[in-house]
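See structure below.
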Amino acid sequence: MEQLSEEMIVVLDFGGQYNQLITRRIRDLGVYSELHPNTITAEQLKEMKPKGIIFSGGPNSAYAEGAPKCDPAIFDLGVPILGICYGMQLMTQHFGGKVDAAEHREYGKATITVENQSKLFQGLPVEQTVWMSHGDLIVAPPEGFVVDAQNPSCPVAAMSDEARNYYGVQFQPEVRHSQFGDDMLKNFAFAVCGCEGNWSMENFIELEMEKIREQVGDKQVLCALSGGVDSSVVAVLIHKAIGDQLTCMFIDHGLLRKGEADSVMKTFSEGFNMNVIKIDAKDRFLSKLEGVSDPEQKRKIIGNEFIYVFEEEASKLKDMDFLAQGTLYTDIIESGTATAQTIKSHHNVGGLPEDMRFELIEPLNTLFKDEVRKLGTELGIPDEVVWRQPFPGPGLGIRVLGEITEEKLEIVRESDAILREEIKKAGLDREIWQYFTALPNMRSVGVMGDARTYDYTVGIRAVTSIDGMTSDWARIPWDVLEIISTRIVNEVKHVNRVVYDITSKPPATIEWE
């Protein structure tokens, strides 16, 4: 297959939770980037003809037994290498420097002083804020390397061997908290690697359509359509690639938002002229979920049931070989990789039955949410679909904490509709990354009229973010929150209290379950 771009920077995954962000930041510069496991061979890399290689961070100690390594022949390819955190320590070990446990671990913001203006720090200030996350540090750089930056706790915060185009930083430039992190990555891509920045979403569409046609051939594809941004973009992209070889199946599992089922059918069946089959499986899903309160178990049940329903319905259709899903990079990250810890399993990733008979097509699994929106716009999908609020595959099933009942679902459905209506009225719907209501598994005492009540509490979650990997709670004006709270308490039965979640990610995730 033709390579997507003549210039590419490959990121090797050593297990850090933010590794895919590095790939994302490089793409933002107009340079195509892919993430590959640290086990990739030098020969495989050579065939890819990368302009540069980045070694990611990771949770291990470079000197520990069994710590992930890379093919040592990678250092002989003559390709520029940037080591980030663990990646720099690995490079240090390889070239004979010394890595040891830090006396004082550094987690969070720190100030570094630049002592050597290598190409990586070209045009950047001497003092700058970076995001540290390390328990080890470099005690002695390898021969040929110069210390570029330091601080009192980290004598080698950055280093370089410019003769061989090797660079390393002991902080995370890919995280927004690093003040000039984007500039460093830009310097690496352009000043060090010599990239020109000619990659775009149009290139991505061309590549994915080619991949889809090559993978599918003359066979049929069944698309899991939910009406959310991800599955909508997948459906339109695949339909653009193979036309009537695509059949969309929309399962109403009883865990959808208010009015969502009707909206999906109108948008895709009528608006895009796609073949959409609607399946009413509400009773089946709720029956399986009865009495289940553990969030992981709920996710697994919903994920499995989705596939089983698809298989049953697909068996009624002719020759369905492929299943398309809207899995994103963030789904894969949070479900864990070979070297990263699992945060939560995603129904698109961890909930699939082992005996599934479909071959998967996941054209968005290298994209972040904001990239998916850009892709949707590029494909001509209307704004009301592209900017629809993100909705998890398990639906309201993970916004009802604890056991799911019809009553609880109705509370979340109605309160969420009020929240979305008022956020849009206030003109905040494009400013806030994601907003929804959740129902904690708790009741509290209240007074309505002259009577004592003992009813549910509704939680409001609203966050600002760029890519969903990190987020901050949205500063919604108090008067808007007051209107939302008043309406929910007055209009939604069995609710007497509304609370606002002001936790960032991390430490919390965006969804409550």
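Cβ from N, Cα, C; glycine included.
Listed in Swiss-Prot:
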- CYS85: active site, nucleophile (ACT_SITE)
- GLU174: active site (ACT_SITE)
- SER226, GLY227, GLY228, VAL229, ASP230, SER231, SER232: ATP binding site (BINDING)
- 8-198: domain 'Glutamine amidotransferase type-1' (DOMAIN)
- 199-388: domain 'GMPS ATP-PPase' (DOMAIN)
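All features noted in Swiss-Prot, drawn onto the structure.
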residue: CYS85; record: active site, nucleophile; CB count, 10 Å: 26
residue: GLU174; record: active site; CB count, 10 Å: 27
residue: SER226; record: ATP binding site; CB count, 10 Å: 25
residue: GLY227; record: ATP binding site; CB count, 10 Å: 21
residue: GLY228; record: ATP binding site; CB count, 10 Å: 22
residue: VAL229; record: ATP binding site; CB count, 10 Å: 24
residue: ASP230; record: ATP binding site; CB count, 10 Å: 24
residue: SER231; record: ATP binding site; CB count, 10 Å: 25
residue: SER232; record: ATP binding site; CB count, 10 Å: 27
Listed in sequence order, residues not in SER226, GLY227, GLY228, VAL229, ASP230, SER231, SER232 with Cβ within 8 Å of the centre of the ATP site Cβ atoms: LEU225, VAL233, VAL234, GLY326, ARG388, PHE391
Length of the line joining the Cα atoms of GLY227 (ATP binding site) and the residue listed as 'active site, nucleophile', in Å: 40
Residue pair VAL229 (ATP binding site), GLU174 (active site) - Cα distance, angstrom, rounded: 25
